[in-house]
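Here's what TrEMBL has on this protein:
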| type | residues | note |
| --- | --- | --- |
| ACT_SITE | GLU1209 | active site, proton acceptor |
| BINDING | CYS20 | [2Fe-2S] cluster 1 binding site |
| BINDING | CYS60, CYS63, CYS95, CYS97 | [2Fe-2S] cluster 2 binding site |
| BINDING | 204-211, 294-298, ASP307, ARG369 | FAD binding site |
| BINDING | GLN715, PHE746, ARG860, ALA1027 | Mo-molybdopterin binding site |
| BINDING | PHE862, THR958 | substrate binding site |
| DOMAIN | 176-361 | domain 'FAD-binding PCMH-type' |
Amino acid sequence: MVSRYQPRTKTIMHFSANACLLPVCQLHLAAVTTAEGLGSCRTRIHAVQERIAKAHGSQCGFCTPGMVMSMYALLRTRPQPTLDDIIEALGGNLCRCTGYRPIIDGFRTFCRASDCCQANSMEGCSANGQSANDKNGAPELFCKDDFRPLDPTQELIFPPELILIAESQRPITQTFQGEQTTWVSPVSLEELVQLKGRYPEAPLVLGNTNVGPSMKFKGSRHPVIICPTRVSELYDITHTPQGVWVGAGCTLSAVKALLEKLVLELPLDQVETFSALVQQLGHLGGWQIRNVASLGGNIVSAYPNSDLNPVLCAGRCVLRIISQGGEREIPMNENFFTGFGKTLLNPEDVVLSVFIPVSEKGEFVRAFRQAPRKENALATVTAGMRVRFRPGTCMVEDLSIFYGGVGPCTVATTKTCQHIIGRPWNEETLNDAYTALLQEISLPPSAPGGKVEFRRALTLSFLFKFNLHVLQKLREMGIILEDVQGEMVSAIQGLPEQLQPCVQEFQEVPQDQPSLDPVGRPLMHRSAINQATGEAVYCDDMAKVQGELFMVIVTSTRARANIIKIDDSEALKLPGVVDVITTRDIPGKKFLSFPGMEEEVLAVSEVTCVGQMVCAVVADTKEHAKQGAAVVKVDYEDIPGPVFTIEEAIEKHSFFEPQRMIERGNVTEAFEKTDQVFEGEIHLGGQEHFYMETQSMIVVPSGEEKELKVYLSSQHPTYAQESIAETLGIPSNRVSCHVKRVGGAFGGKVTKTAMMASITAVAAWKTGRAVRCVLERGDDMLITGARHPVLGKYKVGFMNDGKIIAADLQYYSNAGHTADESILVIEKILLHMDNVYNIPNLRGWGMACKTNLPSNTAFRGFGVPQTLLVVENMVNDVAIKLGRTAEEIREKNMYKGQSLTHYKMEFDPQNLHRCWDECLEKATYHSRRAAITKFNEGSRYKKKGLAIIPIKYGIAFTEGFLNQAAALVHIYKDGSVLLSHGGTEMGQGLHTKMQQVASRELRIPASLIHISETSTNTVPNTCPSAASFGTDANGMAVKEACQKLRRRLEPIIKENPKGTWSSWIMKAFLQKISLSATGFYRGHDLYMNWEKQEGQPYAYFVYGVCCSEVEVDCLTGDYRTLRTDIVVDMGKSINPSIDIGQIEGAFTQGLGLFTMEELKFSPSGVLHTRGPSQYKIPALCDMPLQLNVHLLAGSGNAHAIYSSKGIGEPVLFLGSSVFFAIKDAVVASRQEAGLSGPFRLDSPATPDRTCLACATRFAQMVPASDPESSQPWAIHV
């Protein structure tokens, strides 16, 4: 949080900001508060920190300090915020672990009573984690009565000395000189104009939201930067009868507040443009961006998809410009924007202010936008439209329509406007306008951003929406008599936004369970408080070692080429650069081995994808290493014929071996006996892990006997240890790997982490100094791979009653340039292809395609989300073919009674049916289905959809040796316990659960038990924390170790049963009883015999069912998840708060996979989506308005510790319920367009795919692009 004193008003302003975008040079006379300064475990934690922690809103914790500071900044300005205030304040924050629900539940306890859901006649209260039945005594996840009150009088004061300086000292020009840039901060307008005249190419930086990212991610360099934040004239506001002049330096938050005030104060007919701008400002960036970004900067950045510029142009706004030649005014019209990032302004010009006129009577202004995510996302298409009518008529006197996102700059549709001006506003006129608009705006397939048909359809849809708005206004004014038809009104109604109370239902512990026993209780994550205060230490938080170097990796820029030469001469000349590491520097093995993979650590002689690691630069600082990496020259000789897409791989038979096949029954014969046969296919795109903490590692040579200490963020420290040892040619006992905690992983911190740790170790080995490597987000996304894209093809035979008799499925995954874990993923795809359905004749084929893309790897679910989407889509198609509901087909084909899978593993699906029935009941499925049908009949352009999806998910590693685990428990003489085990803490609460296990077995308070880290020198030969098996395996190991110790203590306890724990321990020590014990769990002997096509690959199954309802805007493809109900059988939960958090987080990640997250590659294999501005994960605005989670009561599991079940992965696929609900809504839209039968909707169901599938009249007006006419911007990999 940044705080500034305002001498003009004698007030202090507090606002949140992105630390990575806020230049230190800009903070003169500002007070900066961080999470560490807000509260501390060593002193006192703040109420904000306490509530997010105790409400279970912190899992991996990497995002938690940001959440805390956004909320704290809000409370400093609004001590009793509304729920809408909280949602806006957190709109710019991202979390990859939770489903946001617990964060909101914790923070909404700050809301005033009138904003509480109970005060608004809603059942239950999510403010204290209650379910609707809490008044009947159901358990709660947390109790708000335990929270300390917020006392605004006790907040940190603004430093008085800063006020004194601001009041008494005359401002002087500030100049900061760096290695490559000079930063100048003038104090007067005259000085600013002179500086700009002297340095016309120097950018003006106020919010740094444009120049900052350009320098950080694109390598832009500016010899001089001018920062005019202290030039008061840039912040002047002048009101006139004609409108308002707004200083160009005003932040977007300030502009929004000003316009909101004017909307309330001025007559309605004068605020049309103001209201349209307020609407756009509400979605432009996040709160943190709007708090610093300036109005003038937003305009002159001239982004082609600007939110504001189309509205400012349509609203006849004017810029006041100043330069050494004097002042002048320039209208924002069709001539102002001249190209990408270009305007009519001269390099020496400074925008002083912006004039926003009031609207006239009979004038209407509207703004529109569509973006990949509802909030905090760059728009796909925006529009500003203004029409003025002759007084008392519907004759168009003037019209302005401007679009963003359909050209290199903001585009004026002058020809379309000319078709309308002078004519009456009616259907005939608008139909002509649609045709003219389609001809005027044309985009080639190669247009940056792609989605050209969708973008063109949006221009028509926005004009249609504007038409309906105008008709409504004309009707209100009595100029026309006809009402807008009821079924059309939905087109201009917004999607629902109000969050509803949520239910979290779980089993209460038995009444006779000792109060000391924490198992089964919703305990807070053991590190949550530290994470909320910023005291939790992640890899890159570790203090620098003396002489430490930083390493930056140089990656291939070619998809397939021979390396001719690596020229590092220019890099070695740069200041601070110490060395360049190539494959020649590796003393041991130059490749790493993993089951199914063998990959070069650094490219030896050939590169096979863009992003392959070629060499690395080590320097004294990160900046110097980046500069060195930028000038390393690699000469290539291209090899023809790279393969990028699955279709290309199939055509060229480019597959990794082995290919897999499994069959039950006789599929070929069965097809001849079915009533109907249908063939279809679906493509599922990849998914970036997007863990909050990027790949991070530090390697520290000890200086003797070739020892290395490695600190890293990894799910599998033992594999990193073995890889480093092999790469250096030393024994594993010289390498100790340490993992304190991981800021998110999801499968992405195993193979590539070990490889990068090996490169870092080579650098440390060669230089003899500690080396740190922390990837930038863009490099992380480029190098590390993602979830496998999959093309699924199916042929299904079924009877007219809905019974599926035969299915033949083919799965093609895009593995990338090396095998990595792709064969294992393909195997799991085939093992789960039955899902919950007993299809008597079932055949599956699995092929991992070898392409010239970065190798894809493990991701939460490990192929299961891909295979089940194909299966469920097949079931959906059967339902559509038969004219039946999908849930009817699902029920008819479910396993019933004692059953065998297609690989001959026996199981009982009883709990599957219990989950199904309970979800139908709790979701009131059938009554809502009827209500949705009625809604859709009365709404043409908004459609609702409903879907209920089941899952059967196998737990544990199919490779039996990976199911083992070990633990080490020390009891010290004071009675405190140090626990070590082989699992890593990545936010899933593993350490917390292990603490609970030890507490139960030792029968001591959990507060006596400490877990420091996971390290290979305490617990050796560990297996990866993955496959939802971490608690099962490590829990049993911890249990055994603790039971050993308890047995040793039993004689002492019997001798003195009234003694204390510490007295028993001291007595044991004096009697020379060992107070240290290891525990080992052998694990299940699981296997899969692919030759015999049978096995026992899983220990047990987790069952779950999810019902989701959505509302879709058919004109834009936008949607909102109205409600989601999840029922999961996870046995007896060890910690309901952690398990429900895992369920919600997995569901949200699945929602992202199936509805919004897209990886885009260029036709030459370059990843376009390399950061949060291009790649969108779910944000707070994407969570279901109501998210209810029910843990199935009365369930157990004899195959895991305390009858629990693994839960990290299974629920992710249930996010597909939103995909199928969207598809259900699309079916309703297509029916009105006269289309019926199965149709293809690939995943993710992004707005563009959804909109085009809805087949509205406007989507059908857009001709399909000719793929032969030009190369597309992105390819379908």
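Cβ coordinates come from backbone N, Cα and C, glycine included.
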For each of CYS63, CYS97, count the other CB atoms within 10 A of its CB; which of these binding-site residues has the top count?
CYS97
From binding-site residues ASN298, GLN715, ALA1027, the one whose Cα lies nearest CYS60 ([2Fe-2S] cluster 2 binding site)
GLN715
Find the shortest Cα-Cα separation between CYS95 ([2Fe-2S] cluster 2 binding site) and the binding-site residues ASN210, SER294, GLN715, and name the residue that gives it.
GLN715
Going by C-alpha positions, which of the binding-site residues (CYS97, ARG860, THR958) is nearest GLU1209 (active site, proton acceptor)?
ARG860
If you average per-residue pLDDT over the domain 'FAD-binding PCMH-type' (176-361), what number do you get?
95
Counting distance between Cα atoms, which of the binding-site residues CYS20, ASN208, ASN210, GLY296 is nearest ARG860 (Mo-molybdopterin binding site)?
CYS20
Quick check: which same-chain residues outside GLN715, PHE746, ARG860, ALA1027 lie with their CB within 8 A of the centre of the Mo-molybdopterin site CB atoms?
ALA745, GLY747, GLY748, ALA858, PHE859, PHE862, MET986, SER1025, ALA1026, GLY1208, GLU1209
Under a criterion of Cβ-Cβ distance under 8 Å and sequence separation of at least 6, what residues of the same chain contact GLN715 (Mo-molybdopterin binding site)?
VAL742, ALA745, GLY747, LYS749, VAL750, THR753, THR984, MET986, PRO1024, SER1025, ALA1026
Quick one: of CYS20, CYS95, LEU204, LEU206, which of the binding-site residues has the smallest count of other CB atoms within 10 A?
CYS20
Centre the Cβ atoms of CYS60, CYS63, CYS95, CYS97, go out 8 Å, and tell me which other residues of that chain have a Cβ in range of the [2Fe-2S] cluster 2 site.
SER58, GLN59, GLY61, PHE62, THR64, ARG96, THR98, MET692, GLY743, GLY744, GLY987, GLY1145
Out of CYS60, GLY296, ASN298, ARG860, the listed binding-site residues, fewest other Cβ atoms within 10 Å surround the Cβ of GLY296
Looking at the binding-site residues CYS20, CYS97, ALA1027, whose Cα is closest in space to that of GLY296 (FAD binding site)?
CYS20
Including all protein chains displayed, how many Cβ atoms other than that of the residue listed as 'active site, proton acceptor' lie within 10 Å of its Cβ?
26
Of the binding-site residues CYS20, SER294, ARG369, THR958, ALA1027, which sits closest to CYS97 ([2Fe-2S] cluster 2 binding site) by Cα distance?
ALA1027
Cβ-Cβ under 8 Å from SER294 (FAD binding site), same chain, 6 or more residues apart: which ones?
LEU206, GLY207, LEU234, ALA248, GLY249, CYS250, THR251, LEU252
Position of peak Cβ density within 10 Å, selected from the binding-site residues PHE746, PHE862
PHE746
